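Look at TrEMBL and you will find 8-228 tagged as domain 'Radical SAM core'. Under the heading GTP binding site, TrEMBL lists ARG17, ARG71, THR102, LYS163, ARG266, ALA267, ARG268. Feature annotation from TrEMBL assigns [4Fe-4S] cluster 1 binding site to CYS24, CYS28, CYS31. Residues or ranges marked as S-adenosyl-L-methionine binding site by TrEMBL: TYR30, GLY75, SER126, MET197. The feature [4Fe-4S] cluster 2 binding site is assigned by TrEMBL to CYS261, CYS264, CYS278.
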Amino acid sequence: MEPYVADQLGRPLKDLRISVIDQCNFRCTYCMPAEIFGPDYAFLPEDQLLSFDEIIRLVKVFAKFGVEKIRLTGGEPLMRKNLDDLIRRIREVDGIKDIAVTTNAVFLVRQAKKLKEAGLDRVNISLDAIEDEVFQETNGRGVKIKPVLKGIEAARDAGLPIKVNMVVKKGMNESQILPMARYFKDTGDTLRFIEFMEVGNHNGWNMDAVVPKKKIIDQIHEEMPLIPLDANYYGEVASRYRYKDGEGEIGVISSVTEAFCSSCTRARLSADGQLFTCLFASSGYDLRECLRSDYSEEQITEYLIAIWTGRSDQYSIDRAKGKPMKENKIEMSYIGG
Ligand code: SAM
Ligand code: SF4
Ligand code: SF4
């Protein structure tokens with residue numbers, strides 16, 4: 001029998017996001033601005049990353065806790081060598097029902113088929129524009145749309161369900177809301193808009209740069225009428241809509257203007273094994289040290305119970321109430337989005 005462990009606000013732990021690498025082939029301006037993450041930036045050396053054996057040991061403990069969903073992220077997770085081996089091994093863990101990867105899609109052309117064969121259930125693909133000039137600016141590396149669209153095509157050919165995620169930031173890509181909606185409407189892929197968040201310390205976040213959910217929906221609804229849908233499951237972060245003409249679905253992740261902390265069942269594990277109970281935490285819990293000090297499974301379980309039962313994070317709600325923001329927040333590329 002798995003222990004039912006709820007945090008201080010009654011939330012169980014259901015969803016674990018694992019960053020498998022902190023490096024990335026992009027430098028998105030809202031995530032890894034090139035002036036900070038330049039050639040001198042010190043990424044984690046390989047021996048500091050959790051090994052696949054270590055990740056699997058932890059996944060087994062989390063699964064006993066009630067975690068059913070694993071999302072592999074980064075950095076760019078497809079840059080981690082032999083990711084398909086990790087997926088194959090996670091697939092074998094009792095209790096894990098869903099494995100997803102969040103990626104910028106560029107390496108999917110080479111990897112989609114083998115990831116699917118290893119047991120991957122679906123992909124979340126990040127794409128912030130459908131016009132080259134905007135996209136090249138946004139990804140900070142001058143990459144054009146084509147390699148991403150090819151990656152999406154490869155995922156489709158491999159039979160992987162796709163969600164396309166677009167971070168919307170005023171002054172960066174709000175011009176792309178309608179073109180993206182038009183482009184993905186008939187593809188069968190779900191397009192999700194994400195409000196620009198103040199993760200990390202370097203992305204220059206302020207409330208004026210957030211395009212609120214209502215503005216996004218109103219704009220699309222005016223041209224292509226929408227009907228709201230119910231959530232698929234407890235804790236789903238996106239508000240869902242379908243087009244009135246029956247073709248296609250979109251979602252909006254309104255992390256800033258409509259906080260969803262009250263149903264937040266997620267924990268995040270960084271590539272070097274720090275566990276974070278909130279995206280906006282400034283420190284984590286060192287599970288790598290537990291693994292490398294030969295803690296038994298029981299000891300790690302006890303530690304996790306102590307961490308989760310002590311959790312009271314509700315950062316986005318606190319921010320909306322006007323509480324001051326923390327300094328030294330963890331970077332998104334490190335903690336995994
Ligand atoms: N490199 C992969 C990718 O881009 O899909 C995975 C890691 S990335 C950190 C995960 C997600 O975080 C992406 O969908 C990205 O758009 C999102 N993200 C990064 N910085 C963000 C920010 N400041 N506000 C909102 N979402 C952000
Ligand atoms: Fe890389 Fe993803 Fe961050 Fe863009 S959002 S810089 S692709 S980790
Ligand atoms: Fe969860 Fe923290 Fe985001 Fe709230 S702010 S939804 S607690 S990760």
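Just so you know, glycine gets a Cβ as well, placed from its N, Cα and C.
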Might you list, by sequence position, any residue in that chain lying six or more from MET197 (S-adenosyl-L-methionine binding site) with a Cβ less than 8 Å away from its Cβ?
TRP205, SER255, VAL256, LEU279
With respect to ligand 3, which members of the binding-site residues THR102, LYS163, CYS261, CYS264, ARG268, CYS278 satisfy a Cβ distance under 6 angstroms to one of its atoms?
CYS261, CYS264, CYS278
Minimum Cα separation from ARG266 (GTP binding site), reported as the residue among binding-site residues TYR30, CYS31, GLY75, SER126, CYS278 that achieves it:
CYS278
So which of ARG17, TYR30, ARG71, CYS261, ALA267, ARG268, listed as binding-site residues, have a Cβ under 6 Å from an atom of ligand 1?
TYR30
Measuring CB to CB from CYS28 ([4Fe-4S] cluster 1 binding site), give everything in the same chain under 8 Å that is also at least six residues away in sequence.
SER126, ASP128, THR138, ASN139, GLY140, VAL167
Spatial neighbours, same chain, of ARG268 (GTP binding site) - Cβ under 8 Å, 6+ residues apart:
LEU16, ARG17, ILE18, SER19, LEU275, PHE276, LEU279, ILE335, GLY336
Result for ligand 2 contact check over binding-site residues TYR30, THR102, LYS163, ARG266, ALA267, ARG268 with Cβ cutoff under 6 A is none
Pull out the binding-site residues from the set ARG71, GLY75, THR102, CYS261, ALA267 whose C-alpha sits within 10 Å of the C-alpha of CYS24 ([4Fe-4S] cluster 1 binding site).
GLY75
About how far apart, in whole Å, are the alpha carbons (Cα) of ALA267 (GTP binding site) and CYS261 ([4Fe-4S] cluster 2 binding site)?
12
For ARG71 (GTP binding site), write down the residues of its own chain that are at least 6 apart in sequence and whose Cβ falls under 8 Å from its Cβ; none is a fine answer.
ASP15, LEU16, ARG17, ILE18, ILE99, ALA100, VAL101, THR102, ASN124, GLY336
Which of the three DSSP-derived classes (helix, strand, coil) applies to CYS261 ([4Fe-4S] cluster 2 binding site)?
helix
List of residues, in chain order, with Cβ under 8 A from that of TYR30 (S-adenosyl-L-methionine binding site) and at least 6 apart:
THR138, VAL167, LYS169, MET172, PHE196, ASN203
So among CYS31, LYS163, CYS264, CYS278, all listed as binding-site residues, which is physically nearest to GLY75 (S-adenosyl-L-methionine binding site)? Use the C-alpha atoms.
CYS31
